[in-house]
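A.B. asks: Annotations for this protein, taken from TrEMBL, read as follows:
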DOMAIN    206-530  domain 'Peptidase S8/S53'
ACT_SITE  ASP215  active site, charge relay system
ACT_SITE  HIS255  active site, charge relay system
ACT_SITE  SER479  active site, charge relay system
Amino acid sequence: MSRPIIINGNTFSSASAPPSEHARFTDYLYIKGRGAINAEQKRQLASIGVTIFEYLGQNTYLCRYEPTDLQPIRDLSFVEQANVYPRRLKTSAFLEEAIQASERDSNSSNSLDYKISVILHKDKDATDDFVESLIHENSLDREKLSVHHDRIILTASAQAISNIGQLDAVKAIEEVVEKTICNNFARQDLELLDADISGIDNKYQGEGQVIAIADTGFDLGSVTDTHPAFKNRVLALISEGRKEMSGKTNDFHGHGTHVAGSVLGDGESSTMGGKIQGTAPKATLVLQSLLAEPTLQPDNSRTPKLVTPPNLWDLFQTPYKTLNARIASNSWGPDWKKSGYRQIQYNSDAGAIDRFVWHNQDHVILFSAGNSGAEPSRTHAQIGGSSSAKNCICVGATGSSRGATNFAFDPAKRTGEPMSVASFSSRGPTLEGRVKPDVVAPGVAILSAASRDAMIDDMQRNRYGPTKDNLWMFSSGTSMATPLVAGCCAVIREVLQASGIQKPSAALIKALVINGAVDLGLERDQQGFGRVNLKKSLVSIEEQKGRLNGFADIGYASGSKLEEGQNWTHEIYLDEAASSGILKVTLAYSDRYGPALQNNLSLRVQIKLPSGSVINKRGDEDFLIENNVEQVVSQIPSGSTAVITVTADRIARLDDSQAFAVVWAITQ
């Protein structure tokens, strides 16, 4: 019996769906195979007018089909079902629940309005005629409507939302949820102090790497008059939240400056312990200020409002295309309280991230997991929205070596809890069941740069622990863990370039980060694949010549992408004179956008023992659903041969192929 699939957060079981009589009023179907639909069968579908758009799960595909008669599809022996794409699935479960809750709780007979994102099918454009028709037929406010590539942002009543869902061009309707910000011990915790590469004199600190940070703002908002920790290393400041008015980028909140310091700060303070550095203190900064114009709240607080482009593709485009940024650090996400304490599905934000990385496969994008781990959740998980993107690195938080009370630095405590996941760190898996977070890193009582903006007062600077220097302050959150990992990615990229890989893929850097992570012995929904350890990640680059440790960036830096059914193999031999060890192998790849895994690659490791017996391991043995990161960890006795195999089990679209990265290391 097939399991239900998730479409826009809605649970859908095709087994209970009645057959559609025809496709007279739609061009969009779902087609379910009796088993996996192979490339030859996809060609048969194409020959009768079917275009596959997206894999939905359980051998089911979203397709375009202009003819009205479904029988030619149903006559194919490998097809189990061919039905019209259900219009009730277009409105996300999250939005539908919000509408029901609002109407249930409202004492007014007046209709409530909802800010929504209307996403069109991939072959449709938001033409002027389409938009005008949308406005006219649903009495929409033109001033509250804007078009952004494949989506339309607007404000509409529940009835209008229902009407819009009936339009054939519409694929999905989502509620727009407000975003919120999610901060030298951390360097030590990540084992950066031993990050030198054998035989090379200089220490790697991210030199030559451009890192884009989207956050509240930066210091005074100047590329020249900067906090001393960033001297001569601010390439550009871009206003996103205030670009329509003042165009300013100053950080009157303090979060963005602190985050930037954790990535690439390089300073010192005699009263705060001497040298204070981020994980990539020689990297260059591009900061995109998301803060809206400052407004005073009724309680006299300055709760920041973040403004992001409606289509996140636009957030990444300028730093990547114009400023050569190849790492993007994002310590923000959907506001858990304003989401009604409901886990958000893989949405258009996640889709935009995955789409950008698919089309720009050397761009590493990181997102914080969120700080709602202790909040109530019906699914017992919180990670969703942008953080659920398959191609991003989602980062949760552990404690740090610095003592803390209630997540604030406590000078009376000698040590912290660097090997425990912080209770506030949002948990996975995603609503679809995918592994998130990917990794965890220190996020409690992190010392970093303080904004010099006049609106930053002593209360803010001392909120997460006492500081004796106004240039530095403590903070806590997955917001603080994420930039530390972003800096590690910059160092890894620098080391790869020094080793001859000038354009490493994002998948390779992700695989190196994950392969070096230390298992904390916790559930995967808390720690992902473990706690980041840069020293262990670099082993696979440093000792590649020894063949026991190494990596492959297939289909991007070298080799050919895999087509459906093809394999890639690599052998490792552990000499009899060597000590037995632990073999860890990680597969990672950047998938096409979509809630379900579009292209499914599998990792298998076969260990041939000296006795002649064989150990077989799979990379997905404890997963709920397919994942674009797989890992095998196994003992390997001396005199053994390990055969690593990557297989393209499914490539969703006809004549498509998939690049991937594999990293391996043997530790004694």
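Glycine residues also receive a Cβ, built from the backbone N, Cα and C atoms like all the rest.
A TrEMBL annotation is a machine prediction, not a hand-curated record.
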A.B. asks: Could you please provide the mean pLDDT value for the domain 'Peptidase S8/S53' (206-530)?
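C.D. replies: Here the mean pLDDT over the domain 'Peptidase S8/S53' (206-530) amounts to 92.
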A.B. asks: Indicate whether ASP215 (active site, charge relay system) is helix, strand or coil by DSSP.
C.D. replies: strand
A.B. asks: Are there any residues in the same chain, six or more apart in sequence, whose C-beta is under 8 angstroms from the C-beta of ASP215 (active site, charge relay system), and if so which?
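C.D. replies: Result: ILE181, HIS255, GLY256, VAL259, ALA260, LEU287, GLN288, SER289, LEU290, ASN330, SER331, TRP332.
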A.B. asks: Inside 10 Å of the Cβ of HIS255 (active site, charge relay system), count up the other Cβ atoms and send me the figure.
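C.D. replies: There are 26 of them.
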A.B. asks: Including all protein chains shown, what's the count of other C-beta atoms within 10 A of the C-beta of SER479 (active site, charge relay system)?
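C.D. replies: Around the Cβ of SER479 (active site, charge relay system), 31 other Cβ atoms lie within 10 Å.
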